[in-house]
Amino acid sequence: MSARLIDGKAVAQTIQVGLQARIAERASRGLKAPALATVLVGEDPASQIYVRNKRRTCETLGIRSVPIHLDAGIDNAELLATIDRLNADDSVDGILVQLPLPRQLDATTVIERIRPDKDVDGFHPYNLGRLAQRLPTLRPCTPYGVIELLRSTGESFHGKRAVVVGASNIVGRPMGLELLLAGCTTTVCHRFTRDLAAEVARAEIVVVAVGKPGLVRGEWIAPGATVIDVGMNRNADGSLSGDVEFAPAAERAAWITPVPGGVGPMTVTMLMSNTLKAAESRAA
Ligand code: GUN
């Protein structure tokens, strides 16, 4: 392997230390702790793990966690009533509704009901629109975390050819907006892209967020590229792997993220950063 590893755990830790200090400094001025409400609907095992991790990280950093667990069978009106209550609660700075939601619930309606200044996931059309207009406020956590990982390499973004593989609302699309904001010439690939190999081979920065193990072949990676793998796929033996064939990609890339230990630790860290930001702007 010739690529250097981008250590997401270390970058996340550095950012968390800074957040912890800012939160402690607020407390020393008599300000209340930032508060994050995490809404979990039902018993999806992966969602339970993600939400538990978010709640624990809150406690580590001095953010007040407001855990809300709703029954899998609730209807839209009940979930919207919960959002309305949290929107109106002055002691709550951030609201996160863990996705995916059970089938009978409509995620779009729910996301649009969250007050944009409490939308710490950055999924509300107001916050995405601000990002699209180069006026970022609360930024989607995973793409924001990827930008921090790219920044940690010390390489410049300006004029770089960036290719995003995957066009989901949560990662791919906002990732495209973030890279554009950072000055890259940005292409977003998706299921109708005709020649994915050729698109990836042109890229100086590749971000892959699809959820298919090994989708991006190592031989597609341009020599010297930076490769960010957002994929988190569970193998039959219980281990995790990304969307990029790691070993052959690492032979060619200059920088690459491991899975696990790359993007994963950044998502929760940027959620904490957004929660502090929401608290700071409410106090202002
Ligand atoms: N499900 C998968 N990723 C996310 C995320 O970043 N936020 C929320 N709320 N749900 C998710």
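Glycine is no exception: its Cβ is also placed from the backbone N, Cα and C atoms.
Any TrEMBL annotation is an automated prediction that lacks curation.
Ala167 (NADP(+) binding site) counts 18 other C-beta atoms within 10 Å of its own C-beta, drawing on all protein chains shown. The secondary structure of Ala167 (NADP(+) binding site), as reduced to three states from DSSP, is coil rather than helix or strand. Annotation source TrEMBL lists NADP(+) binding site at Gly166, Ala167, Ser168.
Summarising the annotation, TrEMBL assigns domain 'Tetrahydrofolate dehydrogenase/cyclohydrolase catalytic' to 6-121.
DSSP states for the domain 'Tetrahydrofolate dehydrogenase/cyclohydrolase NAD(P)-binding' (140-281), grouped as helix (H, G, I), strand (E, B) and coil, give 56 helix, 26 strand, 60 coil. Taken from TrEMBL, the feature domain 'Tetrahydrofolate dehydrogenase/cyclohydrolase NAD(P)-binding' covers 140-281.
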For the domain 'Tetrahydrofolate dehydrogenase/cyclohydrolase catalytic' (6-121), the number of residues DSSP places in helix, strand and coil: 61 helix, 19 strand, 36 coil
Other C-beta atoms that fall within 10 angstroms of the C-beta of Gly166 (NADP(+) binding site): 24
Other residues, Cβ within 8 Å of Gly166, Ala167, Ser168 Cβ centroid (NADP(+) site): Val164, Val165, Asn169, Val171, Gly172, Arg173, Val188, His190, Ala209, Val210
Nonlocal residues around Ser168 (NADP(+) binding site), in sequence order (Cβ under 8 Å, 6 or more apart): Ala209
